[in-house]
Amino acid sequence: MKIGIKVLGCPKNEADCDVLEAILKDRGHEIVSDIEEAEAVIIDTCGFIESAKKESIDEIITFANYKKYRPFFLCVKGCLVQRYSKELSKEIPEVDSWLGVLSPHQIAEAIEKATPYLVEKPTVVYEEAPRSCNNSFAYVKIADGCDRSCTFCSIPLFKGRFKSRSIESIYSEVERLVEIGVKEIILVAQDTTAYGVDLYNKAVLDQLLKKLNSIEGNFRIRVMYLHPDHLTDKMIDAICSLDKLLPYFDIPVQHGSDRILKQMGRIKNSEQLLELIAYIRSHNPDAAIRTSVMVGFPGETNDDFQKLLDFLEKAKFDRLGCFIYSDEEGTVSSSMKRKVSERIARERYENLLIFQSQIAYERLKRFVGKNLNVLIEQENELFYVARSHLDAPEVDGEVTVKKTREVDIPGYYTVRITDSDEYDLKGELI
């Protein structure tokens with residue numbers, strides 16, 4: 001069967017679908033990039049925040065409408081289905097199969113059997129599985145689910161308890177990816193700092209990193225989703241000292257007002273977060289620190305928002321993502337009073353991004369005149385397009401490299417940085 005896969009949402013979905021693609025190929029199916037050729041289409045959805053849910057629903061409706069002109073088997077899976085399967089199945093009857101948060105093996109079997117509906121206790125963590133990857137980088141999921149108690153977050157409601165994969169399983173997957181030519185391994189989970197607590201009775205992310213660092217090959221490792229409340233000195237030391245680890249810290253602090261942080265269910269206050277950032281930079285001044293923040297949380301005042309801006313001024317994050325709060329069914333914050341209007345939340349969002357852009361510009365300027373090791377991934381007639389340790393795929397910037405000689409793509413090269421703006425760097429091959 002010719003199968004097309006449409007992935008929405010976070011990198012964890014991409015990791016699952018890469019595994020699913022490999023399983024389907026092993027079972028004799030053909031994966032097609034042109035949906036017009038597909039006999040079956042799988043849509044992997046996101047159910048985290050309002051904008052992501054809307055994107056998923058719009059995509060489902062688009063494909064449901066396609067069926068008016070050409071018959072094919074339409075399967076919708078993932079987080080949105082896990083949360084709203086009954087409502088969705090009633091509203092969009094054109095979908096042939098609704099599958100919740102299941103392992104890639106279960107998904108493959110359900111599609112082959114044309115299972116119309118399968119939503120049960122989440123079972124996304126897998127040990128041994130084949131692996132497919134069509135990029136120079138690959139997401140590797142080391143755990144799923146979450147045991148944290150952030151008041152705004154619905155993920156534990158549909159992902160379930162935190163579940164780690166074994167070190168051996170992850171090592172085997174990374175080794176296979178390196179063997180097929182992947183140059184950057186990106187470790188993901190809802191909270192990578194919690195890795196191992198359920199299997200080894202303690203967090204062992206640092207041990208996992210040391211094990212993966214021993215794999216032979218010319219590749220690098222990036223770690224995403226480091227919860228600031230549980231990021232330890234050992235973890236920081238491992239990321240800063242191991243030669244295959246990129247000095248990149250993705251630390252979602254969420255806010256800078258102590259009052260709002262407390263209402264969010266976070267543990268560390270703004271001063272402790274600044275101490276964490278200072279500790280990282282004391283180990284590697286050029287380490288990239290990325291964060292995510294939220295505006296419009298219930299009860300957020302002008303003073304709270306100003307404290308967030310003051311915090312960002314002190315923290316000087318290299319990269320930042322900002323979200324506007326939305327009520328999520330079943331969360332503690334959804335029942336909180338003193339909601340912030342959409343207009344005010346949008347104003348704060350736009351003002352924050354403008355404010356942060358100047359910080360990012362000043363941070364990137366420090367690399368002009370320096371040499372950086374970059375991964376060249378694309379080319380045109382005049383330039384190569386690359387990423388440095390500062391740049392996670394899809395969410396950060398890039399390095400534009402003047403084309404002065406032929407190089408292997410993908411490949412690592414040393415580049416002298418010649419210019420910068422708020423998000424991107426320019427450079428020349430050495």
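These residue numbers are counts, starting from 1, taken along the chain as shown.
Glycine is treated like the rest: Cβ placed from N, Cα and C.
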CYS46, CYS79 bind [4Fe-4S] cluster 1 in Swiss-Prot, but which of CYS10, CYS17 does that record place at the same site?
CYS10
Select the closest residue to CYS46 ([4Fe-4S] cluster 1 binding site) from the following binding-site residues, measuring between CA atoms: CYS146, CYS150, CYS153.
CYS153
Beyond the listed site residues CYS10, CYS46, CYS79, identify every same-chain residue whose Cβ lies within 8 Å of the center of their Cβ atoms for the [4Fe-4S] cluster 1 site.
LEU8, GLY9, LYS12, ASN13, ASP44, THR45, GLY47, PHE48, ALA52, SER56, GLY78, LEU80
In Å, rounded, how far does the Cα of CYS150 ([4Fe-4S] cluster 2 binding site) sit from the Cα of CYS79 ([4Fe-4S] cluster 1 binding site)?
18
Can you name the residues of this chain that are 6 or more positions from CYS146 ([4Fe-4S] cluster 2 binding site) yet have a C-beta less than 8 Å from its C-beta?
CYS153, ILE155, PRO156, LYS159, ARG161, PHE162, GLN190, ASP191, ALA194
Near-site residues: [4Fe-4S] cluster 2, ref CYS146, CYS150, CYS153, CB cutoff 8 A to centroid:
ARG148, SER149, PHE152, SER154, ILE155, PRO156, GLN190
Hey, what's the Cβ neighbour count for CYS153 ([4Fe-4S] cluster 2 binding site) at 10 Å?
20
